[in-house]
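Engineer: This is the structure, below, for whatever I ask next.
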């Protein structure tokens, strides 16, 4: 049986990076494996679940929504036995899920506000991953929320400047200015490795929109830049 998965592979990376960062920044425990599997199953569920609101192929999307939800529940049981309070982070996601549903109903999934809602959901997943092992809510949990979120907002603006909004100069300048501000903020705060983490994104935001690249090329470059960002983020904060 072939899995029903969205072809937005970049979103998978966006869903996993904050979670893994939160786990590594905290004290990883065995139950994190089940929490990760449960979270990933929930993420996979979002594709068929949101498509239910389009009113087409309902049986197919109902089937896969149930399959992924069941998998999420099964994987989550050991994690919830370890720390059930992580559910609070899931409840905090619900308003942003409502935003996703709203834009899906309007057939406007590419709306920037919809993208931002998704990024905030991923940030909450990262916060939950950090909190999970020791029930710690401190300054570092804000790092988990803020640093990947800034990076992925920049990524979203850049991708729009390369693809659907290529002819809209506002997205190009928004992408460049946002990346530049992120780098400058960390330079001013003397967090130089964090500033360096945003430099590859800034370079590609300035340079690549002038080039004609295929969707695959854009995706591969983005994967490499995300990997560099993540490595430098770990070096700067672990």
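Cβ atoms here come from the backbone N, Cα and C positions, even for glycine.
Per Swiss-Prot, the features are:
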type	residues	note
TRANSMEM	19-39	transmembrane segment
TRANSMEM	64-84	transmembrane segment
TRANSMEM	85-105	transmembrane segment
TRANSMEM	112-132	transmembrane segment
TRANSMEM	141-161	transmembrane segment
TRANSMEM	176-196	transmembrane segment
TRANSMEM	218-238	transmembrane segment
Engineer: Residues sitting near the transmembrane segment (85-105): Cβ under 8 Å, six or more positions beyond its termini, same chain?
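Structural biologist: That would be 35, 46, 50-51, 53-54, 79, 111, 113-114, 117-118, 120-121, 124-125, 127-128, 131-132, 135.
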Engineer: Return yes if the transmembrane segment (141-161) and the transmembrane segment (64-84) have at least 3 CB pairs under 8 Å (sequence gap of 6 or more), otherwise no.
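Structural biologist: No; fewer than 3 Cβ pairs under 8 Å.
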Engineer: Pairs 6 or more apart in sequence, C-beta under 8 angstroms, 3 or more of them: is that satisfied by the transmembrane segment (19-39) and the transmembrane segment (112-132)?
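Structural biologist: Yes, the stretches contact each other.
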